[in-house]
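Feature annotations, courtesy of TrEMBL:
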| type | residues | note |
| --- | --- | --- |
| COMPBIAS | 188-200 | compositional bias 'Basic and acidic residues' |
| COMPBIAS | 218-246 | compositional bias 'Basic and acidic residues' |
| COMPBIAS | 441-453 | compositional bias 'Basic and acidic residues' |
| DOMAIN | 256-376 | domain 'Dynein axonemal assembly factor 11-like CS' |
| REGION | 188-252 | region 'Disordered' |
| REGION | 434-461 | region 'Disordered' |
Amino acid sequence: FLSVTEDLVRRRAEHNNCEIFSLEEISLHQQEIEKLEYLDKWCRDLKILYLQNNLIPKIENVGKLKKLEYLNVALNNIERIENLEGCEELKKLDLTANFIGELSSIEALKCNIHLKELFLVGNPCTEFEGYRPYVVAILPQLEKCLDSKEIERSERIQALQNYPEVKQKIREQEDAYLLKRAREKEEALRRMQEKKDMKQKQMKSKLGYDSPVSLQNKENHQAEGDKEQEPWRTVEDDEEDRRFWEEPTPYTPESRLETHRYIEEKRRAKDNIRESKNREKPLRTLITAEGKALNANVPKYVMLRDDEENNQIILDLAVYRHLDTSLLDVDVQPTYIRVLVKGKPFQLVLPEEVKPDSSSAKRSQTTGHLVVSMPKAKEIILAKQKVSTSLKHSDCDTLQRNARSVQVEKLEVDPTKYSFPDVTKIIQEKERIGQGPIKLQPEKTTETKKSYVDFENNEDV
């Protein structure tokens, strides 16, 4: 049977940083728990405890939870109310859809003086005549409601007045129910024994029927593949399911437990078949015995392109956008790249050798693709340098000589041969020109006239 484990409690205590000693609220619903234990030792400060929809047959090991205020054990296999005297602060108790037929066990709640709400809907005891007056009379501390219905003051007075008669009726109905339950338990034991005997007979018949010829036929069928074997299994499973679900059975704790065990057995059988199929699959060969890498594309998505401008190879894996990056494992080698996507290998042999140390892997923020940039191992060759490399060595030598000769000529040029204007004489030229650069000839005559004005015209000389 399944019981409460420390690992389960810690996983359910995430809101409390997985600390259980100071835990005040925990939800353990739908965990297939069949035995309730350890909570009164691990979680002494519990105030709210959810245990609905399990297979708990008995209320136990919660009596030391003195701070417990709300206990929900709906949809379980509980048959009587007990072991709650130590829950001093209990205010709300939910026992919906259990198998409580021993209504007199409700007297155990007299010690819980703070109890305000009680739910017993869906239990056999709610069908007893005088059920509600009996509970109202037994538990005077119930101030709010019983089964989601408010208890009025007049109802309580009337229940106390009729208590002796109602108590007698409840005792008689309870005894009849307990006799019925005893017969149901015997019937359940008998049915379980019959099923065990039937299974043993089936196993013996199968072993007796498996002659050497039949075993050889089975081996031949298995060699053909699983596709032919699965339909036969499915038909047998459907027939067994139909017999189980169509068989009329009373609604008892035993039948509920039997149904759960049957469903669990079927689930385990399916899991075993899946595990066996996964084991039967041969491991994919990625590296041969000679050390040669092989291509593999189990995830079924890839795009490879050659970025010549940047001298690198780019791998674009179209992984799902919402796939967590922790599920990707990238391994770049000089001649191949390997990527594990959720354990599925993708391996590609590269057309050229790359540099693993300089490679980088990134996820696209828009598409989620995995982009791996792998620089090539060869040196980067620029477009301009390609022309120079294509020339012959003799041509290169001549070019170098010409360049040197040009440099020597520039150094030996005569400074007087410069054609640049003399900046220092620009203003003087303007003064001589007078009327501008257009009338060049008149300017020269005027200069000669002006130059002779200072001399005396001596005819003797």
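Glycine is no exception: its Cβ is also placed from the backbone N, Cα and C atoms.
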With DSSP, how much of the domain 'Dynein axonemal assembly factor 11-like CS' (256-376) is helix, how much strand and how much coil, in residues?
-> 28 helix, 44 strand, 49 coil
DSSP residue counts for the compositional bias 'Basic and acidic residues' (188-200), split into helix, strand and coil | 13 helix, 0 strand, 0 coil
Averaged across the domain 'Dynein axonemal assembly factor 11-like CS' (256-376), what pLDDT does the model get? Just tell me the whole number, please.
-> 81
